[in-house]
Amino acid sequence: MATTETTTSVRGLIALPQAAARALIALGAVATIASTFMSWTYTADFPGDLTYYGSPAGLQVLDLVAGALTLLFALTTWNVRGLGWLNPAGATQPVVLAATSAVAVSWFSAIAIAVDLKGLVALDPGAYIAAVGSLIGLLGALALPKPGDTFKDYVTKPENIPPAAKLPGWGERLVITAATAVALIVFTYGIGVDPDASETFLGYLLLVIFGAWALLTAGLFDRFAELNARHKGFATSMAFLAAAIFPFVENNEHNANLGVNILVVATVALGLNIVVGLTGLLDLGYVAFLGVGAYAAALVSGSEFSRFSGVQFPFWAAMLTGMAASLVFGVLIGAPTLRLRGDYLAIVTLGFGEIFRISVNNMDGSSGPNLTNGPNGISMIPDLKIFGFNFGSSHDVGGMTLGRFANYFLLMLLITALVVLVFNRAADSRIGRSWIAIREDETAATAMGINGFRVKLIAFALGASLAGLAGTVSAHVGYSVNPAPYQFAGSVPPNSAFLLAAVVLGGMGTVNGPILGATLLYLLPEKLSFLKEYQLLAFGVALVILMRFRPEGIIANRRRQLEFHETGQLDIPEQGLPDTTVGVTKAGA
Amino acid sequence: MTTTTAPTPVLEASGVTMRFGGLTAVRSVDLTVNSGEIVGLIGPNGAGKTTFFNCLTGLYVPTEGKVSYKGTVLPPKPHLVTSAGIARTFQNIRLFANMTVLENVLVGRHTRTKEGLWSALLRGPGFRKAEAASRERAMELLEFIGLDHKADHLSRNLPYGEQRKLEIARAMASEPGLLLLDEPTAGMNPQETRATEDLVFAIRDRGIAVLVIEHDMRFIFNLSDRVACLVQGEKLVEGTSEVVQGDERVIAAYLGEPFEGAPGDEELAEVEAAEASGTAEASDASDAQSTTSKEGTAQ
């Protein structure tokens, strides 16, 4: 790069004629794709077995996708007809990021092979071609017109993205369907990665992060969000349909079990989102309500370890029992504490969470009343039977076999759908607005006639009963309940810190956010088992990084997006914002 | 006021006293606001005006005295006061910053709607009807203050003057019989103050009595049918604008009065004499300068 003085936006970071730059990207992408059909290493010891010619496997598949993505974006720089939608602004950023994804996956694979198998000698020509090819692609991409002078301009979405062309209604629905299908494939691939093949999962993460980033800077996510907003009902039902298809395409029982647990955690996180995200009450002991629901269901399940072993409620009754028990506990905890301001509530709920776990641990008949069977918990919870449908056995549906966890997955999906419905309807109503008003400024809210205590108690009780509902199913899925998992923080979900992190990480006050957050937080430790005792450390680092760069969470609520990244209209007085003064003055006015 | 045949009291505060420990912020204040009236409340900083407001709206529980609205004694709970029919704005704007303009006004409708959690979850026809009615009413209020075109903006992104207006619209959404405005023109330029004045008159014409705290004397004396002046927690004087404007004690409260050891006439004369001799030369010079400049301008 010799001529830096006259930086025009036409020139790239690397001085090359544009035609050559485009050709380089395409060449690099094609080389990357071709390399995935070659052997990368000589031995099958490396996870995924990358020794075959002609059939990509493991990391090679991921690199194939990355190469294909780069090639597609390279083609958009030639204005190939029919691909304009992929990069509407003709921006450089998505091309660079797609090429980066190929580099990341290729180089990560090569390095992982060399490290795992002790030396560069383990690399076959295919790996070298992948590494060099992807790098050529990236060099070509960097020679494209600069989006700006700083590094940041390369990774942020350009502002001049033209609005999408009008599609007919069925076309838009088709796009939503296709995107949902892609999401299902991506998710299923991720969940299906062998837990021992951490290398493959890391490659998958690299691809998903850079690939999604490329699509984001191309403006495709915004367009998709617009489509979703236009066809809200359709998009939601497609999402649930895709989730319902999951157990059919994933016939591994362990992975189906992962799916159920993710749904349980996601549902509980949604319930917590009502309390934390909408009403702004910091609840640090929320997992206790899940525990109350699970124990209530276990006690009336007919298990022989239950105190009431003769009693076996039908599922609907057990569900209501679990919800009611959680509701009662929610009101008991909430009534005395919700009159206080935030910090006190956080401490009291933290205490309640621990009290629940310790009490349950001690109610074994020797150090307390005989109710919960102490640390041994209640095991051998029988499987559910609804209308003669036994959830414990396999069923053949349309030529597919649905195993035990697949059955529970579908049941849990129904419950998640119900909770999503409850969340959406409650949020968009008089009561939901009063929750948000209290979160924003409690004094002003009460001055508008909102009975703060009552409204907060409703939010607290609703959140608790939704957690209890999820708990009833989780008791049956896991065969047994015991006090250990219901703690504040720990390496195994669910725990209160985990749930809170899922909500904050995913995006407070949204529906998709906590679901995505819970999925990520559950899946990552499961697949990255090599982290072992450093899991919590990695978790903490990830949280810090995310809160630094995207404080509103992965999926931002429209409100919070504006809150953290002010755009335009900067003539806002800061004194207009609520100041929470503690002490004598109830009104800061 | 034009035709007030028999003014019925909307707000009656009698003997309201507020003590914070040893400090008496408000001392036995009586105040009556009649229907269709605009009453101003003035006083120097720290006189207890906002504290008195907080006593009226239930944010503080007055140590002594009682406040009644249309004949019934108000319970000391802010949300009950609002549902009884008294709405207020705040001295430092307290909008729900991250809600849209329309949502802010809808929150103000809270006491006038009854839909609870169950109806929100079940979404029956009653819920839809109430929601639509609320929206219609809120939009009408936004039109009234001229913010209907910004209904979907976040309230934090509004300019200052519009935030003040929105706070008034939010308070009016609770269909009050009495509106308490706490310094509605603070930080406004003269044009905006004029507009606020018109707005307050328009609110009065809707049959809502207004009690307003303000430091802008021109604003308050133009606006108010009656003005009360609070000084150090006590009501000093109450009456029409002319009466309060002319009251020496009010002027003294704002500008201060000579303290007891103030210099008498003799001392003053002495000081003046000393100053005159000491600065004689300097003043000569300045006199000369001023005369030359006058000549200059005259030419």
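Every residue gets a Cβ built from N, Cα and C, even glycine.
Taken straight from TrEMBL:
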TRANSMEM  A:21-42  transmembrane segment
TRANSMEM  A:62-83  transmembrane segment
TRANSMEM  A:95-115  transmembrane segment
TRANSMEM  A:127-144  transmembrane segment
TRANSMEM  A:174-192  transmembrane segment
TRANSMEM  A:204-221  transmembrane segment
TRANSMEM  A:233-249  transmembrane segment
TRANSMEM  A:313-335  transmembrane segment
TRANSMEM  A:342-360  transmembrane segment
TRANSMEM  A:405-423  transmembrane segment
TRANSMEM  A:457-477  transmembrane segment
TRANSMEM  A:497-522  transmembrane segment
Hey, would you say the transmembrane segment (A:457-477) packs against the transmembrane segment (A:405-423), going by three or more CB pairs under 8 A that are 6+ residues apart?
yes
Chain residues in Cβ proximity to the transmembrane segment (A:95-115) (below 8 Å; excluding those fewer than six residues from its ends, i.e. six or more beyond):
25, 28-29, 32, 35, 40-41, 46, 50, 59-60, 62-63, 66-67, 69-70, 72-74, 76-77, 87, 122-123, 127-128, 130-131, 133-135, 137-138, 140-142, 144, 154-155, 199, 202-203, 206-207, 209-211, 213-214, 217
For the transmembrane segment (A:204-221), which stretch among A:21-42, A:62-83, A:127-144, A:342-360, A:405-423 has the most Cβ pairs under 8 A?
A:62-83
Can you say which of A:233-249, A:342-360, A:405-423 has the most Cβ pairs under 8 Å with the transmembrane segment (A:497-522)?
A:405-423
What parts of the chain pack near the transmembrane segment (A:127-144), using Cβ distances under 8 Å and only residues at least 6 beyond its ends?
12-16, 18, 20-32, 34-36, 38, 40-41, 63, 66-67, 70, 74, 77, 92, 95-96, 98-100, 102-103, 105-107, 109-110, 113
To the transmembrane segment (A:405-423), which of A:21-42, A:62-83, A:233-249 is linked by the most Cβ pairs under 8 Å?
A:233-249
Under an 8 Å Cβ to Cβ limit, what residues of the same chain, 6 or more beyond the ends of the transmembrane segment (A:21-42), are close to it?
12, 14, 50-56, 59-61, 63-64, 66-68, 70-71, 73-75, 77-78, 95, 99, 102, 106, 109-110, 113, 117, 122-127, 129-130, 132-141, 143-144
Using a Cβ cut-off of under 8 Å, list the residues of the same chain at least 6 residues beyond the transmembrane segment (A:62-83) that approach it.
22, 25-26, 28-30, 32-33, 35-36, 56, 90, 94-95, 98-99, 101-102, 104-106, 109, 130, 133-134, 137, 140-141, 144, 200, 203-204, 206-207, 210-211, 214, 218
